[in-house]
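First up is the structure itself, then whatever we jot down about it.
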Amino acid sequence: MNAPASTTRPELAGHPHFHYRDGVLHAEGVALDKLAAELGTPLYVYSRAALAAALGSYRDAIGDRPVLVCFGMKANSNLAVLKEFARLGAGFDIVSGGELQRVLAVGGDPSRVVFSGVGKQAWEMRAAIEAGVMCFNVESQAELRRLSQVAHEMGQTARVSLRVNPDVDAQTHPYISTGLKENKFGIAIESALDAYRLAASLPGLEVVGVDCHIGSQLTDISPYFDALEKLLDLISQLAEEGITISHLDLGGGLGIRYTDEIPPSPKALLDGVFARLQARGLGHLHLVLEPGRSLVGNAGLLLTTVQYLKHAEARNFAIVDAAMNDLLRPSLYEAYHGLRAVRPRQGDEQEYDVVGPVCESGDWLARQRRLSVQEGDVLALESAGAYGMVMASNYNSRGRPAEVMVDGDKYYVVRQRETLADLIRGESTLP
Ligand code: LLP
């Protein structure tokens with residue numbers, strides 16, 4: 001990896017499918033300056049090989065252990081991404097009827113789908129039962145009753161896990177931490193036994209699993225094991241009551257490298273989990289994982305073009321054509337995304353805030369980065385494959401970006417750029 005010195009960081013750590021060749025950033029075999037010229041910016045670019053490699057690191061870690069990887073598709077639900085994972089044998093973690101529709105649209109196997117989320121509506125439950133999903137991850141007693149009623153009315157049985165909130169601190173950003181008592185997610189571990197008794201008593205339900213998801217972008221592995229120990233206690237208690245659990249779902253959450261993080265590997269996670277299962281005599285349990293970010297985050301970039309350079313008294317601004325509506329993570333979580341010039345220049349570097357055109361001071365993409373740039377230069381925001389396009393909006397009546405998938409030296413537009421006509425479709429004025 002021979003990244004020129006004039007970009008923001010010395011190397012593209014952890015992003016082997018994006019590299020410099022002859023002074024130009026490439027995705028696999030495709031030069032990104034040409035891609036930007038042809039398709040315009042802002043543009044999301046994904047690497048097919050990077051997707052396969054990320055899933056491959058889970059598969060290699062799994063070996064012949066009974067583990068189902070259900071891609072947490074909220075991280076990136078483009079059909080081309082889903083199709084690739086379906087083809088490679090992954091299942092899916094869905095959180096809405098809309099996500100179910102996407103899985104079915106790419107021929108995903110419903111028997112490898114888990115349905116998560118705190119607010120499932122009756123129509124979504126019906127659609128998922130009809131499709132034959134593997135399991136509902138239920139988050140409250142009220143939801144258990146609703147699901148029981150829906151399934152019973154359909155003359156069907158819905159398989160359920162209860163999402164248990166183990167009250168562990170995932171030590172991540174408060175907005176993406178979900179396993180603490182004060183979060184809206186799951187059923188408190190102290191009430192879990194009662195909820196299971198209810199589930200076992202209701203018609204139309206079959207209890208099959210225990211589920212948790214403690215947070216996202218975890219860079220420390222110990223919270224997983226803290227949560228796991230609590231869930232294993234619960235599984236033993238359930239067994240004493242005659243409630244048999246066949247699978248354990250540990251959710252998603254493995255972090256990725258945005259800057260200098262060293263997140264735990266799938267192997268470290270799985271080895272630790274199975275060692276603990278074995279130690280408790282629970283080695284027969286099937287494991288479900290719901291990774292989102294770690295399967296797609298570093299498989300995508302967002303390309304953007306510098307519109308203007310503005311040298312204000314306190315700061316230098318590079319005003320680019322992407323904005324918070326295209327990539328919300330910096331504004332929402334003060335998230336760091338690596339930034340590189342697609343064709344780095346050798347000239348003097350200055351410190352810039354890279355900001356978008358949206359009318360909000362919070363509309364920034366990168367802050368205090370040393371860059372040598374000119375108007376018209378194309379920049380790449382790294383690690384944008386997860387929670388990028390899926391969180392894009394039309395704020396300021398901006399069309400959402402196009403998405404393209406690179407495969408070797410070929411590329412495919414997998415979502416068209418939204419047009420101005422798209423933006424007003426469905427609206428009307430009064431007669
Ligand atoms: N399973 C459940 C029940 C979840 O709530 C989530 C993510 C996942 C799996 C996938 O987690 P992952 O492997 O991606 O960490 N928008 C935020 C992240 C929100 C995560 C929400 N839940 C961000 O951009 O950082």
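Quick reminder: no glycine exception, Cβ is built from N, Cα and C everywhere.
Within Tyr258, Tyr387, Tyr411, the residue that TrEMBL lists together with Arg293, Arg329, Tyr333, Glu360 for binding substrate is Tyr387. Binding of pyridoxal 5'-phosphate is attributed by TrEMBL to Glu290, Pro291, Gly292, Arg293, Tyr387, and within the candidate set Gly253, Gly347, Gly426 the record adds Gly253 to that site. If you take the Cα of Tyr333 (substrate binding site) and the Cα of Cys359 (active site, proton donor), they are about 18 angstrom apart, rounded to a whole number. Only Lys74, of the recorded positions Lys74, Arg329, Cys359, have a C-alpha within 10 angstroms of the C-alpha of Gly292 (pyridoxal 5'-phosphate binding site). Comparing local CB density within 10 A for the recorded positions Lys74, Arg293, Arg329, the maximum falls on Arg293.
Checked against ligand 1, the recorded positions Arg293, Arg329, Cys359, Glu360, Tyr387 give Arg293, Arg329, Tyr387 in sequence order as having a Cβ less than 6 Å away from one of its atoms. Under DSSP, Lys74 (N6-(pyridoxal phosphate)lysine) is assigned to a helix (H, G or I) in the three-state scheme. For the pyridoxal 5'-phosphate site, whose annotated binding residues are Gly253, Glu290, Pro291, Gly292, Arg293, Tyr387, the maximal Cα to Cα separation is 15 Å. Between the farthest pair of Cα atoms in the substrate binding residues (Arg293, Arg329, Tyr333, Glu360, Tyr387), the distance is 27 Å.
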